[in-house]
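Take a look at the structure below.
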Amino acid sequence: QVLLVFAEEDDQSNGFRWACDKAGFRCNVARTPQSALECFLDKHHDIIIIDHRHSRYFDAEALCRSIRTTKASENTVIICVVQRHTDREESSILPLITAGFTRRYVENSSRMACYNELIQLEFGQVQAQFKLRACNSLFTALEKSQEAIEITSEDHVIQYVNPAFETMMGYQIGELIEKELTEVPINEKKADFLDTINSCIKIGKEWQGMYYAKKKNGDSIQQNVKILPVIGQGGKIRHYVSISRLCNDNNKVEKTCECIQAESQTDTQTCRHKDMRKGSLDVRSTTSRGSDGSSQRRRSSMARVHSMTIEAPITKVINIINAAQESSPMPVAEALDRALEILRTTELYSPQLGTKDEDPHTSDLVGGLMTDGLRRLSGNEYILSAKQTHQVAGSLSSPISLNDIPPRITQAMENEEQWDFDIFELEAATHKRPLVYLGLKIFARFGICEFLNCSESTLRSWLQVIEANYHSSNSYHNSTHSADVLHATAYFLSKERVKQTLDPIDEVAALIAATVHDVDHPGRTNSFLCNAGSELAILYNDTAVLESHHAALAFQLTTRDGKCNIFKNMERNEYRTLRQVIIDMVLATEMTKHFEHVNKFVNSINKPLAALEENGNNGDGESIKTVLRSPENRILIKRMLIKCADISNPCRPREQCIEWAGRISEEYFAQTDEERRQGLPVVMPVFDRNTCSIPKSQLSFIDYFIIDMFDAWDAFADLPNLMEHLNNNIKYWKGLDGRNLRVLRPPP
């Protein structure tokens, strides 16, 4: 039966009426949403075709939603007729799917086009819906059956049990659905017996015999069981059917238990709830369980695990989506299926390059910054830091006093509280030792010595030790970069929204983390160290190699000598808290988790704050405080703060941005040179000093890493001056690239 919902008779509606007559379908026509709903509830049509071309008559999507709220529409196919537009871009079908439409039909009043559409629907969606209606009848029979029935997937995940099974085994259905079959039949013949079962069912043969099953209360019951494999999609075993009879001591049959596993409409989703051991359950793995007390204890433990309610948050999300699928129209269920596929991946926050993968600059940057490199099993080794001698307090010259800073350096730091502060002027004035001087001034402004209960001389010694362990030979990752990140961190900490969020200990941790975040950096990426088989890569298992080293060495340098131990007077618990925050912030600078940190910040902070503002709660201090001050969100804010400080170069004034671009490019050029000399994999081939376009590399980095992150950070901390610099710098690099220039500056 077909229901046509058209406000007015026209060629399109007449085309479908003719098609219904030719196909032998019974047809009704409704002119208004109300009459359409009444007619459907009376006739229960298989297909509904709704005119969506003229919104002035009625809201087609609202009508579809109204129909979908009725129980009768569960197996109904609803088609949306839309206008044909040849002069504009194709629109998305998602709003129609969300409203409950099965598919759309672009207007075509040709009678044969209408007829072909109906025939395709009949042999496609309509026929599939008929099968689903039959499934409902089968499940009704199973629910009323006196036999105990269990449905599981080929991965031994329970999909269904009926009331008779619950009564027999003592479980509730909620304790079993989507749980693994951990209790394998036990029989006195043990290994040989279980091996026989396994060898039969795994090759598609049925097995019948006796075994002992364990009820929820721990009691064992003897059953006469038949296990039947069911062949499904791809000609493979998709389910097993177990038919069991409960026996008394004399082996007389008292009751029948049927465990039926059938190909069902939920197969595609439930078969993905894999056994943690993967693959088919090998019953031989349980043959060591005997009748001794130890075996009984293990089986009892497994029974408790069987009904555990502890779930990871992602598991709860997946379960909620699975539950929603059961009552959703097929298109929605299929869309949720795709969402589940995404949720079950491990790289939830790593975007796919899409069309950008055609750009070698982007590909190389992502490959170099967000992977741990290709594993190389050659004899080449890049020795770094494990046996290297680090500068300690005793080997350095006596520190100067904050009051004895030379006038040129004082003048260079006059505007250090402003974003446009020139770190390169300070670098020149201090002979490439800006970290000690800038650190002394910023730490004094934030009262760090008072918080740590340490003297200014201890702080000076500490800053000197840290700066001495930055490599001045690096073009980029040197103490000037550290001082630049420290300056950006201090600037962000002064913003009102950040001050509302963080505690004093957070501010102290942020400034210390910024100071040490790249200490002893070798001027090479993590990928290079892993490929070279460096001692650091081996020490840290090729995972966050440099970031782990920076954090660990910072604490080693600090605590090995009382002269520079800024933590020595702290209370133990407060020190542990501070140390934990510093380590977390340093590790957050590792780029492999860049998108995870940014997306969590957007979803947990930006969006809730925006929702409060949209709902008129901008002045509701308590609601905002709840978002800002939760421990989890404070962690995300601190991570985002140091990440933005670490790669803020594109948001600096143009001359500083250009200088930083030249320095990082030179460091990458040097790495490529060394990789070729040593015969190592070239991590970023595009950074060849003879062919690389610096404007293109900067634009790729900005586009892929910077824009989204600073949009989110600006929305939180209000940074209009940074965003203006960013836009100007993008225009600058685009201008050079548009002229096919590969250098930092245009020719005179």
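Cβ from N, Cα, C; glycine included.
Quick caveat, the model's predicted, so the values are computed rather than measured.
Annotation comment: TrEMBL describes H477 as active site, proton donor. In the structure as shown, the Cβ atom of H477 (active site, proton donor) sits within 10 Å of 21 other Cβ atoms.
Marked as AMP binding site by TrEMBL: H477, N478, S479, T480, H481, D518, D646, Q698.
If you look up TrEMBL, you'll see H481, H517, D518, D646 marked as Zn(2+) 1 binding site. Within the same chain, residues at least six positions away from D646 (AMP binding site) with a Cβ under 8 Å of its Cβ are V485, H517, T589.
Cβ contacts within 10 Å of D518 (AMP binding site), excluding its own Cβ and spanning all protein chains shown: 24. The Zn(2+) 2 binding site feature in TrEMBL is assigned to D518.
Per TrEMBL, compositional bias 'Basic and acidic residues' is recorded for 270-281.
Taken from TrEMBL, the feature compositional bias 'Low complexity' covers 284-294.
The domain 'PAS' annotation in TrEMBL covers 134-204.
Residues or ranges marked as domain 'PDEase' in TrEMBL: 401-740.
The region 'Disordered' annotation in TrEMBL covers 264-305.
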Of N478, S479, T480, Q698 (the binding-site residues), the residue whose Cβ has the fewest other Cβ atoms within 10 Å:
N478
Over the domain 'PDEase' (401-740), what does the predicted model average in pLDDT?
94
Which of these binding-site residues has the least crowded Cβ, counting other Cβ atoms within 10 Å: H481, H517?
H481
Other residues with Cβ within 8 Å of the Cβ centroid of H481, H517, D518, D646 at the Zn(2+) 1 site?
H477, S482, V485, A514, H521, T589
Whole-number answer please: how many Å between the C-alpha atoms of Q698 (AMP binding site) and H477 (active site, proton donor)?
17
